[in-house]
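J.: What Swiss-Prot shows for this protein is this:
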type	residues	note
TRANSMEM	33-53	transmembrane segment
TRANSMEM	65-85	transmembrane segment
TRANSMEM	102-122	transmembrane segment
TRANSMEM	136-156	transmembrane segment
TRANSMEM	180-200	transmembrane segment
TRANSMEM	202-222	transmembrane segment
REGION	230-488	region 'Spermidine synthase'
TRANSMEM	232-252	transmembrane segment
DOMAIN	249-487	domain 'PABS'
BINDING	GLN277, GLU352, ASP386, ALA387	S-methyl-5'-thioadenosine binding site
BINDING	HIS309, ASP332	spermidine binding site
ACT_SITE	ASP404	active site, proton acceptor
REGION	524-548	region 'Disordered'
Amino acid sequence: MIEPHAPAPPGAAPPWGGQSRPWLPVRPGVGRFFVLAGVFVCAACGLVYELELVALASYLIGDSVTQASVVLSVMVFAMGIGSLAAKRLRPHAAAGFGAIEAALALVGGSSAMALYAVFAWTGDWGGVWAGGPRCLLVAFSLAIGLLIGAEVPLLMELIQRIRRQDAGGAVADLFAADYVGALVGGLAFPFLLLPLLGQLEGVLLTGTVNALAGGALVLGLFRRDLTRRGRWLLIVVNLVVLGLLATAAVLVDDFERAARQAVYGRDVRVALQTGVQEVVLTGGTRGRPLDLFLDGRLRVSGHDERRYHEALVHPAMSDGRHARVLVLGGGDGLAAREVLRYADVARVDVVELDAGVVRLARRDPALSSLNAHAYDDPRVHVVTADAFCRLRHTRSAYDVVISDLPDPGITASTKLYSQEFYGLVSRVLAPGGRLVVHAGPVASRPRAYWTVEATVRAAGLRTVPYRVGGRDTGFAAGPDRSTDASRAPRDWGFVLASRTGPALSLGPGGPRLRTLTRASLAADALDPGRARPPDVAPSTLVHPRYAD
């Protein structure tokens, strides 16, 4: 983005010594158009670099709000510093602009691979190395911001060399080209680059376009401003940058496989980008347990998923009617598997945002075997939608609602743990209906857990909190790799709720369970009077309270 630059006062001599307009290979109007086109392209590339850092940092480090704040604030600050620093380059605006664009193309184009590499190979070292991705994120934000900020004073000089105009008009033209370019870059990143190329290849292509645009503008329009040696030096620098970016593009698939193995181990079997999230499956063959990762977070582990899903589903299914069941999330089909063990279930609606996860749960032999081919059962109906939006528009009533969603500390899921969300759930509960919520680990994140419980109560439901221990797998990848090992979750927390107050029990006529018994369930009930912190407030859409 452009930082304002104060132009020379009206009537002041031009900085190149008061000479007449320099020689140009085209008419002044055409040359001015080319400069503004360069501003447009560079602005688009600059915004792609910003968005790429925010997106990758949110995936690797977590908490998208914090990462966006860090990247944008550091980058805008650095842009101001870069604009001031570029004053010294104004007498050599063409050479300076060419060098800055080459550096920006290299730094911005390589930023995603460098950040991913540091995360993959040092993220689990612990100690000072655990903060490596965060430090590198700040460093890239600072470097890219400095280079972007240095562009505009130089572009102002170049456009004034072509044809002198009043300061306000020059600034307006530059800002217009910059903001339109930023719009194009901002829309191209989520709708073209990410779906078609992914983060790594997308930003490499952006760096290539950046280098070509900057080099072509200087060498094509202002080559007479450079010495012969300067022209050749700029050509060599740009060729080196383009060669490095091209080499990275050729090796990006091998790099991504190696980095993925460093994060997930060497047993990666499926890795795909669905448009909603990255989905990785490991194991599931030759007796090895299956693990499902969503955006780097371990979502399902074959080691202990049975304990989790039995504790999630069966207490809610054991007390009252359960002919109609709504599963929010749970695209892996494992919650539906447990629901379908009750013969009198007439319909199961699964509301899942990511159709790719459902497709994988249907087709992958290991995952479909683990969920007992739940999606082949005619009683199961899948709705691809955001759970919040679906609840706002549905008028159906359900005997049981199962909230099998990502942990509440993940920013993208915060609205699905809000008072407004549970108010919508309460509206679709049939008389005597029950809600069960996966509320995150109790031992390692007690405040987040009790905030969920307080939020459900604030929606007008009576709650019974409980937990299940014996969790064998803690955080293994993604943002959670940097979590202190002492806080790795070893339990799951749940909240059972209804309008009248549910009973935490297992019915006598229920299916035979492998891990959950009446005695263990009774022992795992939590006493709110003793365990609940005294000052926990409910979370709302406008005031989320799940940050630790």
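Just so it is clear, glycine is given a Cβ too, placed from its N, Cα and C backbone atoms.
I'd like these features described in context: how deep, what's nearby, how far apart.
T.: Same-chain residues lying 6 or more positions outside the transmembrane segment (102-122) and placing a CB less than 8 Å from one of its CB atoms are 42, 45-46, 48-49, 52-53, 56-57, 60-61, 129, 132-133, 136-137, 140, 143-144, 147-148, 151, 199-200, 203-204, 206-208, 210-211, 214-215, 234, 237-238, 241, 244-245, 248, 252, 255-256, 258-260, 262-263, 481.
On the 0 to 100 pLDDT scale, the model's mean across the region 'Spermidine synthase' (230-488) is 89.
Counting same-chain residues at least six beyond the ends of the transmembrane segment (232-252), those with a Cβ under 8 angstroms from any Cβ of the stretch are 95, 98-99, 102, 105-106, 109-110, 113, 200-201, 204-205, 207-208, 211-212, 214-215, 218-219, 226.
Sequence-distant neighbours of ASP386 (S-methyl-5'-thioadenosine binding site): residues of the same chain at least 6 apart with a C-beta under 8 Å from its C-beta are LEU353.
Counting Cβ atoms from all protein chains shown, HIS309 (spermidine binding site) has 26 others lying within 10 Å of its own Cβ. A helical conformation is recorded for HIS309 (spermidine binding site) in the three-state DSSP classification.
Here ASP404 (active site, proton acceptor) comes close to LEU312, VAL327, LEU328, GLY329, GLY330, ALA335, HIS438: these same-chain residues lie at least six apart in sequence, with C-beta atoms under 8 angstroms from its C-beta. Under the DSSP three-state reduction, ASP404 (active site, proton acceptor) is assigned to strand.
Secondary structure of the region 'Disordered' (524-548) per DSSP, as helix, strand and coil residue counts: 4 helix, 1 strand, 20 coil.
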J.: Considering all pairs of residues in GLN277, GLU352, ASP386, ALA387, annotated in the record as contacting S-methyl-5'-thioadenosine, what is the maximal C-alpha distance expressed in whole angstrom?
T.: 16
J.: Compared by Cα position, which of the binding-site residues GLN277, GLU352, ALA387 is the closest one to HIS309 (spermidine binding site)?
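T.: So, spelling it out, the nearest of the binding-site residues is GLU352.
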J.: Determine the minimum-neighbour residue: among GLN277, GLU352, listed as binding-site residues, which Cβ has the fewest other Cβ atoms within 10 angstroms?
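T.: Selected from the binding-site residues GLN277, GLU352 on minimum Cβ neighbours within 10 Å: GLN277.
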J.: In whole Å, how far is ALA387 (S-methyl-5'-thioadenosine binding site) from ASP332 (spermidine binding site) when you measure between their Cα atoms?
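T.: Cα-Cα distance, ASP332 (spermidine binding site) to ALA387 (S-methyl-5'-thioadenosine binding site): 15 Å.
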J.: Should anything in the same chain at least six residues away from the transmembrane segment (180-200) have a Cβ under 8 Å from its Cβ atoms, list it; otherwise answer none.
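T.: Apart from its flanks, the transmembrane segment (180-200) reaches 1, 39-48, 51-52, 55-56, 112-113, 116, 206, 252, 255-256, 273, 275.
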J.: If the S-methyl-5'-thioadenosine site is taken as the center of the Cβ atoms of GLN277, GLU352, ASP386, ALA387, which further residues of that chain fall within 8 Å of it by their Cβ?
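T.: My list of surrounding residues reads VAL276, GLY329, GLY331, VAL351, LEU353, ASP354, THR384, ALA385.
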J.: Counting across all protein chains shown, how many other Cβ atoms sit within 10 Å of the Cβ of ALA387 (S-methyl-5'-thioadenosine binding site)?
T.: 23
J.: Tally every other Cβ atom lying within 10 Å of the Cβ atom of ASP332 (spermidine binding site).
T.: 28
